[in-house]
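Visitor: This is the structure, below, for whatever I ask next.
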Amino acid sequence: MTRAFNFSAGPATLPESVLRQAQEEMVEWNGVGASIVEISHRSADFMAVAAAAEADLRTLLSIPDDYAVLFTSGGATTIQALLPLNFAAPGQAVDYVVSGHWGKTAIKQATPYVDVRVAADGQPGGYVDIPPVASWTLSPHAAYVHITANETIHGVEFRDTPDVGTLPLFADFSSSIASEPLDIRRYGLIYAGAQKNLGPVGISVVIVRRELLERAGQPRADIFNYASHVARDSMLNTPPTWNWYLLGLTVKWMLEQGGVAAFAQCNAEKAALVYGAIDGSGGFYRNQVMPTVRSRMNIPFFLGDEQLDALFVSESKAAGLLALKGHKAVGGIRASLYNAMPVAGAQALVAFMHDFQQRHG
């Protein structure tokens, strides 16, 4: 069987070696006589899986000891609703910087609980740039400042960590975590749905400075209290064990490949290939994002019309290049180049782009 190159924005491609190991261990895992999905999450066997996943993630991301690591059910949208409940008092101001679609989603989730203030918004310019930090209107007593590190739909990425002074900086890293070195101490909290760079859909990671967990937040059920989850090692309720196991395999694979530094180099190479094909096409392919904030993970581009976009998607699929259709909110084409996408995938896409232009340009 030949695997195609999968450019899906998420759920996204996973390392083939991880998938094959999971396939082998699905029915019977580690000599216990049962599948990993069948054993208790409180058994010594699974506790070892969970501990290894956290230890490897701490190594991969250089997570300091004064930061807690949570593995949570669900995705980033759930986390966005829980942030104000855990870290802001009722009616307290929180600042949000909107650089694309998912920044707006984060605001929608927080609005029922706190006084959401938009510190900056790239919408007037069409989300092709991020407003400079000097132009942000920050609330002096905000509970936190929230950014979306990488916007998968508009293809806009923070290339540097913004300086927000003494305010805690919270960031959605769902689509760019582990893609390049990150100084976690610059953040109060980062979070990520796993289904792009860390593993399968259904589990997320929250990395939070422990002192922030002492905040009273708002009245909430224990299941929505991050401090309670930390106290119970992310097992306050039954966790998604299969997803946790796959996340652990994926993180271990990333370490074996050379860690974040190696992926940063690889990701830069892949992005340069695709952007080079776009910029060198004489306008046949178009990407309007400012070069200083172009995403390395998600590259949207457009052809002359919707019919040509559709033809590109259908012909690329026939050529073994999957899931290149752009998000419904913007249309066009989108290539997602997460860590598990090899350079060969970007090379195959660029070769197809050149061929398609020759035939239809």
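Note: Cβ is positioned from N, Cα and C throughout, glycine not excepted.
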Visitor: Of the candidates Trp102, Trp136, which one does Swiss-Prot list alongside Ala76, Thr77, Thr152, Asp172, Gln195, Asn237, Thr238 as binding pyridoxal 5'-phosphate?
Guide: Trp102
Visitor: Just to verify a number: CA distance, Arg42 (L-glutamate binding site) to Thr77 (pyridoxal 5'-phosphate binding site), in angstrom, no decimals.
Guide: 27
Visitor: I'd like to know which of the binding-site residues Ala76, Thr238 has the most other Cβ atoms within 10 Å of its Cβ.
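Guide: The residue with the densest Cβ neighbourhood is Ala76.
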Visitor: By the DSSP assignment reduced to helix, strand and coil, which category contains Ala76 (pyridoxal 5'-phosphate binding site)?
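Guide: For Ala76 (pyridoxal 5'-phosphate binding site) - judged by DSSP and reduced to three states - the answer is helix.
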Visitor: Can you grab the distance from Thr77 (pyridoxal 5'-phosphate binding site) over to Lys196 (N6-(pyridoxal phosphate)lysine)? Cα atoms, rounded to a whole Å.
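Guide: Their Cα atoms are separated by 14 Å.
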Visitor: Quick one: Cα separation, Ala76 (pyridoxal 5'-phosphate binding site) versus Lys196 (N6-(pyridoxal phosphate)lysine), in Å?
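Guide: It is 12 Å, counting Cα to Cα.
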